[in-house]
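Taken from TrEMBL, the feature FAD binding site covers SER16, GLU33, ALA34.
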Amino acid sequence: MAPILSKIAIVGAGVSGIAAAKQLAHHQPVVFEATDCIGGVWKHCSYHSTKLQSPRCDYEFADFPWPNRENADFPSHLEILEYLDSYASHFDLRRFIRFNSKVVAVRFIRDVSANGDSGEYGVLLPGRPVWEISVMDTESGTIQLYKVEMVVMCIGKYGDIARLPEFTSGRGPEKFAGKVMHSLDYCKLGKEEARELVKGKRVAVIGYKKSAIDLAVECAQTNEGEEEGQACTMVVRGLHWTVPHYWVWGLPFFFFFSTRSSQFLHERPNQTFLKTLICLLLSPIKQGVSKFIESYLTWKMPLVKYGLKPEHPFLEDYASCQMAIMPETFFRHADEGRIVIKKTSKWWFWNGGIEFDDGSRSEFDVVIMATGFDGNKKLHDIFPPQFRTFLHYPSGMMPLYRGTINPMIPNMAFVGYLESVANLHTAEIRSIWLARLVDEKFKLPETRKMVEQINEEMEVMKRTTRFYKRHCISTYSINHSDQMCEEMGWNPWRKNTWFSEAFSPYGSQDYNKTTTK
């Protein structure tokens with residue numbers, strides 16, 4: 001079967017994929033989506049109770065505001081899917097998408113040395129195919145080959161492949177007589193199936209991040225008022241800060257992190273000597289802000305009572321994009337005994353349930369592991385061997401210039417791998433930047449300089465948080481966007497007055513093309 005030729009292939013039709021498709025629409029890209037719908041993790045990795053972690057006005061496309069954007073409620077995953085569906089319809093993006101089309105392999109079909117030794121990355125659309133993509137029709141099982149000039153990877157770090165704990169022989173799930181599953185499998189259950197799984201059962205949820213917290217609450221709600229209802233046990237190994245809402249002692253949360261003035265408190269890559277000096281002088285204020293927020297959280301929520309107060313500063317969780325919204329009913333369920341918290345450093349299975357490192361045992365019927373996803377494996381499984389070593393530095397982070405271009409991988413871009421305060425906005429501005437780069441509106445720096453920039457970002461992350469491997473830019477996101485704006489020829493200062501520029505939050509609406517000054 002002869003390969004099908006196209007200019008640009010986009011892999012994945014989640015938030016990042018449709019953002020990239022919209023910005024590259026003038027090139028008629030082909031979008032490969034393994035499932036039968038758009039939405040990515042919002043469709044396939046959400047519980048029935050899953051809600052957005054930020055206000056809807058912070059999670060919208062620059063040229064497509066929510067119809068009810070001032071609604072203070074956090075939208076459900078169904079509302080988000082409806083919003084994404086409306087966006088795709090409004091901009092007629094489905095004409096590019098090939099559903100039930102799973103990319104199983106990508107192969108570079110040019111000599112890597114063809115890029116030359118000039119130190120330049122080269123144009124993204126060279127005028128001839130450089131990648132061959134193997135795409136499987138998930139309904140028929142047949143494989144079709146596509147040859148393209150450029151690939152945009154938008155499969156993200158979450159979903160698809162579960163990350164599971166490793167156990168020594170005889171202590172793994174095979175030892176357990178009950179049911180073991182990952183949260184990814186739980187998400188695939190229908191509402192009644194999920195209810196029947198946990199109703200009246202002794203359930204253990206492994207983890208203490210957002211998915212684990214939501215799952216424990218959903219389990220507790222299912223058993224609320226049931227005569228045979230059982231408590232849900234959360235097995236907690238590592239603690240992270242959670243917030244009940246986006247206000248701290250009466251002040252809006254954005255005041256501390258999402259304004260241009262607030263970001264002067266935090267180190268940023270390649271900052272001038274003056275900014276370094278200012279950052280050093282303001283470091284006591286930065287630490288004070290973290291303590292100020294921690295004081296509110298320990299006052300507002302019974303973290304000490306339940307042993308859920310982390311040892312590390314709040315700032316480290318914010319800097320690694322690990323801050324989660326705590327459902328308002330969580331501690332009520334804990335007070336009523338429907339959620340039981342078990343802290344442990346190690347655990348393993350026995351026939352009747354779980355054994356802990358303190359020698360105690362607990363009996364369970366169902367164990368659900370909310371232990372995250374293996375985004376690295378998703379990429380490694382489809383990438384050609386000669387490029388796999390370039391996907392991740394020893395630090396564990398993917399080396400990406402402006403969160404989009406890997407200097408060692410030609411004619412390819414990545415959208416959705418760098419985290420920020422609002423990942424939809426992050427995906428959109430990178431897609432805008434990428435489209436202008438594809439159209440040769442500006443040129444990339446030399447490969448050496450891109451690598452230096454990437455290394456500097458990684459060093460800043462390492463100095464800011466122990467959880468740097470998540471590669472989050474939340475503490476210097478405005479500065480990061482400023483640099484992208486400058487490369488695109490936009491004015492990085494997007495506000496109308498100096499006061500709003502200094503003290504009002506930055507969001508996607510500030511980067512609408514019509515606001516370019």
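Backbone N, Cα and C atoms are what each Cβ position is placed from, and that goes for glycine too.
Compute the center of the Cβ atoms of SER16, GLU33, ALA34, which mark the site for FAD; besides them, the chain residues with Cβ within 8 Å of that center are VAL11, GLY12, ALA13, GLY14, GLY17, VAL31, PHE32, THR35, ILE38, GLY40, CYS154, ILE155. Around GLU33 (FAD binding site), taking its Cβ as the centre, 26 other Cβ atoms fall within 10 Å, counting all chains. When every Cα pair among SER16, GLU33, ALA34 is compared, the largest distance found for this FAD site is 15 Å.
The Cβ of ALA34 (FAD binding site) has 19 neighbouring Cβ atoms from other residues within 10 Å, across all protein chains displayed.
Within the same chain, residues at least six positions away from SER16 (FAD binding site) with a Cβ under 8 Å of its Cβ are GLY40, CYS154, GLY156, VAL415, GLY416, ALA427, SER431.
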